[in-house]
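Written below as structure tokens is the structure these notes are about.
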Amino acid sequence: MVVFSKFKNRYSDMMLKIGIVGCGAIASFISKMVVKKKINAKIVAYYDKNIHKAEKLSKITNAEVCSSVDNLVEKDIDLVVEAASVKAVEEIAIKALSNNKDILIMSVGAFVDKELFLKLYNLAKEKGRKIYLPSGAVAGIDAIKSLALGKIEEVILKTTKPVEGLKEALENKGVDPNKIKEPTVVFEGDVFDAIKQFPSNINVSVMLSIASEFPAKVVIIADPKIKTNNHEIFVKSSIGTLKVLVKNVPCEENPKTSALAAYSAIRIIKDISEPIEIGT
Ligand SMILES: NC(=O)C1=CN([C@@H]2O[C@H](COP(=O)(O)OP(=O)(O)OC[C@H]3O[C@@H](n4cnc5c(N)ncnc54)[C@H](OP(=O)(O)O)[C@@H]3O)[C@@H](O)[C@H]2O)C=CC1
Ligand SMILES: O=C([O-])CC(=O)C(=O)O
């Protein structure tokens, strides 16, 4: 790859103007990479329902802090990055696309709602805009998309996370996380129930289901001894069988989220802003 390094930043005229909604762990990673000039992008504006989080990031990038999503989508922006929550996706995506912006969606779990999927698909088509869904915290989406052109027979996701990362969702389910002393299955079911019960933990199951066009079976394990967010993927199809295991380092700022998810957003932004795209 050394041979390609001399072409780095050659396309600075393609500097992408970004607005970010949701200023937590993922937004923070993106902001740092922009400041380090690792991607041809400039952050123009932030919005978070907690203004202090937006102000904190604005100190490192000098981007404007907006008072609402409406305010952000009016800015001179090419791409809106949603890094907020599954519940927030509908408002952010509709406002971004209606204002002729592309959108990158991290909270892919929202697309478990087929009606919302179609609504956003049709709006993007009508406006001639793009919706980007990064691979997030998993690997193998390229191959799974290709396998989906054949006949998919089974999609299974087994996610094992440290108890700390699942704490909030477990408490919401009435499970005391402090009582988990050994690896424990805390969920087993389909993608629809998985994202309902673990909206901040299992967006990846919806990503796999969208890519494979097949509803994933999901198992979630809380493990008090591990330090990484592990996702084991199994896809059986007429074209072949795929097995992938990722062991992700969690973000310091938000242990629910794997660093790979943030880097996958950064990678997509880099791909958009450059004239070559590597991989499917
Ligand atoms: N696709 C994938 O593979 C992955 C997706 N994700 C998802 O990406 C999203 C971002 O992740 P991450 O950065 O770790 O999350 P964080 O919780 O660290 O940051 C999200 C920020 O957005 C704010 N927020 C929530 N709702 C709104 C809203 N309606 N308008 C404005 N701000 C809002 C939150 O505020 P507050 O804290 O007050 O709620 C918080 O400050 C999450 O939905 C997460 O589940 C994460 C990992 C992998
Ligand atoms: O970051 C991860 O490992 C997965 C995650 O939180 C999600 O899919 O919502």
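Using N, Cα and C of the backbone, Cβ positions are placed for all residues, glycine too.
Straight from TrEMBL, the features:
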DOMAIN    22-134  domain 'Aspartate/homoserine dehydrogenase NAD-binding'
BINDING   Ala137, Asn203  NAD(+) binding site
DOMAIN    180-266  domain 'Aspartate dehydrogenase'
ACT_SITE  His231  active site
Checklist entry - Helix, strand or coil: which one is Ala137 (NAD(+) binding site) in, per DSSP? => result coil
Next on the checklist: If I restrict to non-local contacts, at least six residues apart, and a C-beta distance under 8 angstroms, what lies near Asn203 (NAD(+) binding site) in its own chain?
Outcome noted: Val86, Met106, Ser107, Val108, Gly109, Gly136, Ala137, Ile195
Checklist outcome for this item: In DSSP terms, the domain 'Aspartate dehydrogenase' (180-266) comprises 25 helix, 33 strand, 29 coil
Item to check | Nonlocal neighbours by CB distance (under 8 Å) for His231 (active site), same chain, sequence gap 6 or more | outcome: Ala137, Val138, Leu157, Lys158, Thr159, Val204, Val244, Leu245, Val246, Asn248
Checklist outcome for this item: Checking the recorded positions Ala137, Asn203, His231 against ligand 1, those whose Cβ falls under 6 Å of one of its atoms come out as Ala137, Asn203
